[in-house]
Each structure stands twice: as structure tokens, then as C-alpha cells.
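Copied over from TrEMBL, here are the features:
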{"type": "DOMAIN", "residues": "A:89-295", "note": "domain 'Cytochrome c assembly protein'"}
{"type": "DOMAIN", "residues": "A:315-639", "note": "domain 'Cytochrome c-type biogenesis protein CcmF C-terminal'"}
{"type": "TRANSMEM", "residues": "A:6-27", "note": "transmembrane segment"}
{"type": "TRANSMEM", "residues": "A:34-57", "note": "transmembrane segment"}
{"type": "TRANSMEM", "residues": "A:96-112", "note": "transmembrane segment"}
{"type": "TRANSMEM", "residues": "A:124-142", "note": "transmembrane segment"}
{"type": "TRANSMEM", "residues": "A:175-195", "note": "transmembrane segment"}
{"type": "TRANSMEM", "residues": "A:249-266", "note": "transmembrane segment"}
{"type": "TRANSMEM", "residues": "A:312-331", "note": "transmembrane segment"}
{"type": "TRANSMEM", "residues": "A:352-374", "note": "transmembrane segment"}
{"type": "TRANSMEM", "residues": "A:394-413", "note": "transmembrane segment"}
{"type": "TRANSMEM", "residues": "A:449-472", "note": "transmembrane segment"}
{"type": "TRANSMEM", "residues": "A:493-515", "note": "transmembrane segment"}
{"type": "TRANSMEM", "residues": "A:617-636", "note": "transmembrane segment"}
Amino acid sequence: MFVEAGHYALTLALGLSLVQFLMPLWAATVRDEALAAIAVPAALGAFACVTLAFAALTHAYATSDFSLVNVVENSHSLKPFIYKLTGVWGNHEGSMLLWVLILTLFGAMVALSRRAVPSRLRHLTLAVQGAVAFAFLAFVEFTSNPFLRLNPAPFEGQDLNPILQDLGLAIHPPLLYIGYVGFSISFAFALAALIEGRIDAVWARAVRPWTLTAWVFLTLGIAMGSYWAYYELGWGGWWFWDPVENASLMPWLAGTALLHSTIVMEKRDALKVWTILLAILTFSLSLLGTFLVRSGVLTSVHSFATDPTRGAFILAILVVFIGGGFALFAWRAPLLRQGGLFAPISREGALVANNLLLVTACATVFIGTLYPLALEALTGAKISVGEPFFNATFLPIAMPLLALIPIGQTIAWKRGDLLGTVQRLWAAYAAGLAGALIVFALVRGGPVLALLGIGLGVYLLAGSAVDIFHRAGGGRVAPGVMLRRAAGLPRSAWGTAIAHAGVGITVLGIAAQAWSTETLAVVNRGDLVNAGAYTLRLDAIFPRTAHNYREDVARFTVLRDGRIIGTLEGSKRIYVTRGMPTTEAGIMTLGPSQLYVSLGEPQPSGGMGVRIYWKPYVIFVWLGSVIMALGGLLSLTDRRLRVAAPVAARGRLVPAE
Amino acid sequence: MLIWLIFALMTGAAVLAVLWPLSRAETAVAAETGDAAFFRQQMADLERDREAGLVSEREAEALRAEIGRRLLRAARGEGRRGPEGEPALRRRRAASAIALSTIPLLALAIYGAMGSPHLPQAPRAARMDGGQLDVGAAVAKIEAHLAQNPGDGRGWEVLAPVYLRAGRFGDAARAYQSALDILGETPARLTDLGEAVTAEAGGIVDARARAAFERALALDPANAKARYYLAVATGQDGDNAKAMDMLQKLLADAPADASWRGAVEQRLAALSMSEGASAITSLPQGEQALAIRGMVEGLAARLDADGSDAAGWARLVRSYVVLGEEEKAREALAKARSQLAADPASLDMLAALARQLSLETDATGAPQ
């Protein structure tokens, strides 16, 4: 009964979101606020209904109710309980329900944010949000319904795949979805502004927390996915420029640009049209990402045909919202009042450059991801666009972008003094140069690009420190006063500095991979293999049995300068009753660096094929991303986001000199 | 019935929630939700923050001016608000009517098409009685035991049928194979393996299964299961006549009380159906035709005992036509109609069948 009530709630949500979509639009044409206010309870009701539906599905998974097709296909009564629950969104239907749940949750939050968003804007935003929710609810109901029943019900489910029972895999999709869906709110705000024909700093204030939330979660989601691929796939890589990864990177790049252009709008009332365009673009790329991952286009253009209704439905959603969004933009954007002017050399100018570079970077990823698909669809030729392409196109755009970060952080609004800014940053340049030289001296050479990366990373870290130092009046006031001032700086200033420092740490981690080593060897007992400063000695290859699998384990002793510092085990596992083999990489974390062992095949000669990687500072890659997200979260807690204060903001940013 | 009551309550709650803002006077709503109210609220927040020392006096001054400017603009905008009174009232009634009708109609129409309100929940624990409840745990225990001692053939042999019953055919086949490898070949183990492999292939007897059955037959020429599946394989290869021949021989050798007779008869009936009339006429006269007749009689007896099987009735009618006994076919058709009177879909199917077999050309054949 709970299951059917959940299903019915889903159809009710469909009706509620239709009302949420239509009423405010009608109300806007006749200027009737009471009519528009219907959107608020409709959004709350839709959220309550979808929550009920999701709870019903979760309950069915928890109790192994095999009268649901979805549960039969994706669960099994012997799964550990926690994986029964995560299995709810571990499949297409359930994950789309989760998507809709997050969508309506955000809608409900907008409905309740009475103190942050003026009512007319809020109601129109809810209308657009209602349209998106309606489309996706219909998608779930008609093409991906998790509530379809089986009668008679089988006694057992079909999925007990041990590889998919992984916590990283369970957390990754919700993070990513919160990111994707969060951008739908920015999109809804943008369209609402276009419909209303008015956009100002209040709009930017209202939309910024949503963009920031989405960005934080997308950052975490991408980092999580990257780490999962690193430890689970056993290839030793952390980013593969795989289309699935690119599908999440594109909205991230556009979203980062949106985040920064919103700041310009909020502080200076400028870049309005551009910000609106970016908001539409970011959500379009989120939708595109969903389409690529969910329709099966990625595995092959031809597998798209195996489930045509699903793919065609998402494609229709894509066309309506992207096409509709841009059409509305073309029609209404010229009506928007243009905002403040600024000199090219100013923080606004730096942020415009940041936006252009980010959007260009996004375009290269877009081309690298979609061109092979288009080519295959048109000519049937399969080409692979991988790392060389992205290294040649993405890096030359990313590098100046990174170099620009500390300058944009330090330069004044409206009319900046480039020379002064550069002078203020001398310490950061010096630190970057010193960093690159020290590394050069220590490792005796290395690729130019990697040294450049090290320099950039250190420069970014130092730039963030210099920024905080100057804002706190460093050099002009006593150190004690400076510390007090630094502590009193707004959280958004600290958030900016921390997030940019996070970028620096990630850049350092990436650059350091130039010095990683990969050794392929066939080893016998007692053999020694070198990896970085460490030596691995194969002690034993032995079989071991655990609860439901057997594995062949290769145990290495790790030595440094002849001193034993630990043991490291890699294994090849076989889940006996299913006859399914997996490879478990052995990872030893040594400070920020890692030793990584992946077993190959046993050789006829008696040895064991192994791959041994030394990954210096590899943790920095993900640590930096987490720090970026933390910076975003800190900025989110800044209470000033809720009050419009452009005048005060300017006064605060130019230090009293 | 209860479920519809729940649906009604849910619908009522959803509709009432949506109608609530409409029931309030517009001035009250505007006072609470208008843009001017929003900026007045901000002004109040600012004063509170200033008193709490969160905002400096200088900042507060600038903020107050900024918020004031926006408040003025918003207040001007609200002056242009639509007129209160008759049109607004009518509009609100229309909106209520739309919400009141759209939400339940949309929900009911879609749910009616997609939902299964009559199906009860079937959580696994509730469907298992005490004895069976432990099957999962027992399987896990045996699996763990086998992971430690993969050489225990008995363990595999115990586990395999449990897998088979649970629908994990691939796992069952692997378990039977292990038992076979460790304990050696017996006809029973070979046929069990073949059966599991066949089940995994969705009922197709593939090369691997076939090899197992042939090996079993070599060890025990009378093995009924092996003979049955080899006949099925022959049928799948397209040689229906030979398959039927094999099955009939099997039936002839079978003890009268063999539990699997029914399965063989059903397969035979299915084969004869797919062959149609041509297959029957191509058969030599004599015992084989008699055997088919016996099979049809069996089906008729079963349907007399339990007449709810529409497909069975159709097969019976068709069989009589094939055997040339139109009178009996009509009789069976009439019986089927009376048995399935409550089921319009089956009645349609029977009518279509009757037309197809031209059983209703006489006076009783008025369109139903």
C-alpha cells in the first residue's frame, strides 16, 4: 500500500508542478499577487509528494519488496543493508527519482526564502522551476517509472554485484545531482528576470547562494568521482578525459564563470545580460550532461537506439528548455537596463577575462566530447579524442586563467591600478619563482610545463595569503591590529582566499604527477622494485580466503634507504560462487604521496606481473578540490549575502590609504 | 478500498494547500508578500544588525540609503497593481476551479494508466515462513564455507538447487559444475547441470547443456530427464517431427504414475501446435496419433476440473479442429465461454479463435 501511495504521490506532484508553472505566469499578465502566491504551496506540496514517493521506494528496497520490477532488477535480499538503501539511486529509475526529489527540494527552499527574494521574482522563479519539475516528473513517470509492479513477485532479486557495493559509488551521484539541479535554480532565476524584464543587484544577491551551493556540491561530486576511478579501476590515473567526466566538468566550468559574473553584478550592477546568458548556459550543460549519461549515447551512438523513448524524451526536454531559454533571452534581453561602467583594468575587467577564459575552456571540452559522437553518428567513423587533445587545447587556456586569479583578487573595483596591483603581488611572484627553482634544484630538472605548474601553484597559494594580508592592512598597522582585522574580515573574503588557495593546491598536485613513475615488472619472491625514493620487495604471493571471496595476495615490504617502513598488499580477488574476478589495488599513503600497486597476471615462469606507481603529492589533487568546496561553503555562510550593500562593499574593498 | 481512501485524503490535502492563498484577501497577501514588504523587512533586519554591532554605523548608513531607494521603486510598482473587486474575484474562482480539477484529474488519469492499486505489498520477510526465512542465512553460510573449502563437493551439491530455486541460474550452473568436477560424473549430476545451463539460457538447450545430457544418456540410456531435454533440443533445431517422436517414445516408456508425464505431454502439445495441421497429417497413422489423442483428452480432463485457463481452452479447441472433430471443438468452445464468462478479454480471444477456425458459420454464430 505504501508503494502505491508513493506512486500516486508522484502523479499528484505532476499536477501540483503544473499548477506551480501556470498560475504565476497567468498572474504576471494580470498583476495579481494573490494568484501568483499559489506557486508557494504548490512547490511545497510537490516536494512533500516526491518525498513520500522516494520514501516509499526506499522502504521497498529496505524490505526487499520484489513485487517492484526496479527492486528485483537492482537489489538482492542478501545485500548488506546499507547497500540496499544506496541501491535506491544506484540505477537509472531510482536516480532519476532522486534527481526530481532534489529538484523539488530546491523549489521548496526557494518558496520558503521569503526574506531573501522579493515576492514577484520568487513567484516567477517558482513558475520556471515548476516547468522543469513537471518535465522531469513526466520523464520519470512515463519512461523511467520505478513503481512498476510484478505479479507474481519473484522470491529473489537479481543484483548482487560486489563491485558496485562501494561507498564512494554510493555518495558520488547525490553530490553530483545536487550540483546539476542547483543550477536549475539559477536558470529559473534568470528566466524569471527575463520575464519580469528587470534585473538588479537584488537579483544577484538572491541567486548567488544557489549558484554557490550548486558549485560546492558539483566540486565535491567531481572530486569524489575522480578518486573512486583512481582507487577502484586500478589504472593509477585520476582523470581520464572520459566523456562521463567531461559531462560533469562542462557545467562546472560554466558554473564557475557564473559564480564570478554574479559577483560583478552584485557589487557593480554590470554584466547583467552576460550573467543571464551564463545561467542559461550552465543549466543547459547540466541537462546535456544528464542526457549524455542517461540516454546511453556515450557507450555508443548506436545504443541510443536500444532505448529510444528514454533518449528521445530527454532530448525533447533539452530542446524545450535550452531552446526556450535562449529564445526568451533573445527576445527579452535587449529590454534589460544596462548597468554600471568600468575601465578595462579593474576587478570587473579581470572577472570578464576570467569568464571568457572559462567559457573558452568549457567550449574546448565541449568540442572534445561531442565531436567524436557527432562524427560517429554521421559517418560511423570511431575516433578517440583523449589526453593529447585536451593537453594541447585545455592547458593553454587554463594557465593564463590561473595566472589571473591573484590579480583579480587584489585589483580594485571600477578603475584599478595595474602597476600597484602587480607591486602588491611581488611577494607571490617571488614565491612562485622560488618554488619552481627549488623543485628544479631538488629533482635536477623536469618537464618545463610541470615546473611552470609548480610555480603557478605556489604563486596561487602566496597570492591568497597576500590578499588577506593586504585586506587586513598588513604593513601599515601593527601586527596585533592586523591579526584582529584579519579575523574580522567578511567570511566571503576568507572564502575567496581559501577557495583560490585550494586551486593552487590542486595545481601543485597535478604538476607533481610529472614526476610520478610507473614500473611494469614480473617479480618473484625476494625481487626488488624501485618506485620513487622507495624500494618494494616482494615477500610472498599467497592465497587467502575471506567471507565470500578468495584472493591471491602479493605482499610487498616497503623500504626506504634500507629501512623497513611498512608492508603493502595488492590482490586479485575472485567472488567464488559468482565466479567474478576483481583487482584490488594496494595503496600506501606516505604523507601527501602514494605508492600504488596493481597486480597483473601470474606468469608461466612462476613470477607475478605487477604495475607499481609512485605518485608524489597526488593527494593534493583531491585535497585542493575539497578546500575549494570549503571556501565556497564559508562564503555561503556570509550573512551579508542576504542584504544588498554595494556602496558599503566598495568602501570596504578599497583600503583606507 | 482503504487505498482509495488514502488517495482521496492525499488529493484533498494537495488541493486544499493550493487553494489556501486564494481564500485570503488580496490586501493581506500583498502586505505579506509584496516587494515593498520585502524591503521593509530588510530595513528592519538592518536596524537589528546595527544594534547588535554586526554592521558598522557607516555601512548601515549606506545600506539604509540603498534599501530606501529600492523600497521607493517597489512601492511605485505596487501602485500599478491590478484592480481589486469583480474581475479579480472571477479570476480567483477560475483559478480555484482549474486547480481543483487539474490536480486530481491528472493524477488519477496517469495513476490509473500506470499504477496497480490492487497489488498488495510483498516485503520479503513477510512472504517467508519461519523455515524458509533461514534460507538466505543458510546460503550465506554455505557460500562462506565454500570460499574457505572450495574442494567440498557436497557443499556445492547442496547449494546448487537452492540457487536454482532462487532463480540464480548462472550461479546454480557453476555450483553443479563444481560438484561434478569434484565428485565425478553421475547421470543425475550431469542432467542437473544441463538443466541449470538451459535455465540460464532462458530455456534454450545450448551446446554445453546438450553435451551434458548426451553424456548422461551414455551413462544411463533410460535417463528420462536427459531424453526429454534432448528432444526439446531437437525441436529447437527445427526437427519437430523427430522431437515429437522422441517424446512419444519417452511417454511410452514412462511409468504411469511418473510425476513428469504432464511436462512431457505439455511439450508435446506445444510442438504439435507449432507444427499445426501439416505436422499431424505428415505423421504416420497409428499409435502416434493415438498418443496425441490421449494427450488432448488429458487436457480436456484438466480443464474440466479447473476451467480458468483461457490459453488451455484455446489449445483444446484448436486441437479438436486439427483432429477433425469439429463437433467436439464447438462443445469445448461453448464450455470455455461459460467458464470464462466473467473475463471479457478471454471472451474476445475465444471469439477471434472461433472466427479464425470458422467454427461459427452456422445459425448460432451471431456476433457476440
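Including glycine, each Cβ sits where the backbone N, Cα and C put it.
Unlike curated entries, TrEMBL annotations are predicted automatically.
Same-chain residues lying 6 or more positions outside the transmembrane segment (A:312-331) and placing a CB less than 8 Å from one of its CB atoms are 131-132, 135-136, 139, 142-143, 187, 190-191, 194-195, 276-277, 280, 283-284, 287-288, 290-291, 294-295.
Taking pairs at least six residues apart, the transmembrane segment (A:394-413) and the transmembrane segment (A:96-112) share fewer than three Cβ pairs below 8 Å and do not count as touching. Within the same chain, the transmembrane segment (A:124-142) stays apart from the transmembrane segment (A:617-636): fewer than three Cβ pairs sit under 8 Å, each pair at least 6 residues apart. Per-residue pLDDT, averaged across the domain 'Cytochrome c-type biogenesis protein CcmF C-terminal' (A:315-639), gives 87.
Residues 25, 28, 95, 98-99, 102-103, 106, 110, 121, 124-129, 132, 203, 206-207, 210-211, 213-222, 224-225, 248, 251-252, 255, 258, 275-276, 279-280, 282-283, 286, 289-290, 321, 325, 328-329, 331-333, 336 of the same chain, all 6+ positions outside the transmembrane segment (A:175-195), place their C-beta atoms under 8 angstroms from a C-beta of that stretch. Long-range neighbours of the transmembrane segment (A:96-112) within the same chain, counting only residues 6 or more positions beyond its ends whose Cβ lies under 8 Å from a Cβ of the stretch, are 10, 13, 17, 20, 39-41, 43-44, 46-47, 49-51, 53-54, 57, 88-89, 122, 125-126, 129-130, 132-133, 136-137, 139-140, 144, 146, 173-174, 177-178, 180-182, 184-185, 188, 210, 290, 294.
Between the transmembrane segment (A:352-374) and the stretches A:6-27, A:249-266, A:493-515, A:617-636, Cβ pairs under 8 Å are most numerous for A:249-266. Under 8 Å from some Cβ of the transmembrane segment (A:617-636) lie the Cβ atoms of residues 209, 212-213, 215-217, 219-220, 222-223, 226-227, 238, 491-492, 494-510, 512-513, 516, 589, 592-594, all in the same chain and six or more residues away from its ends.
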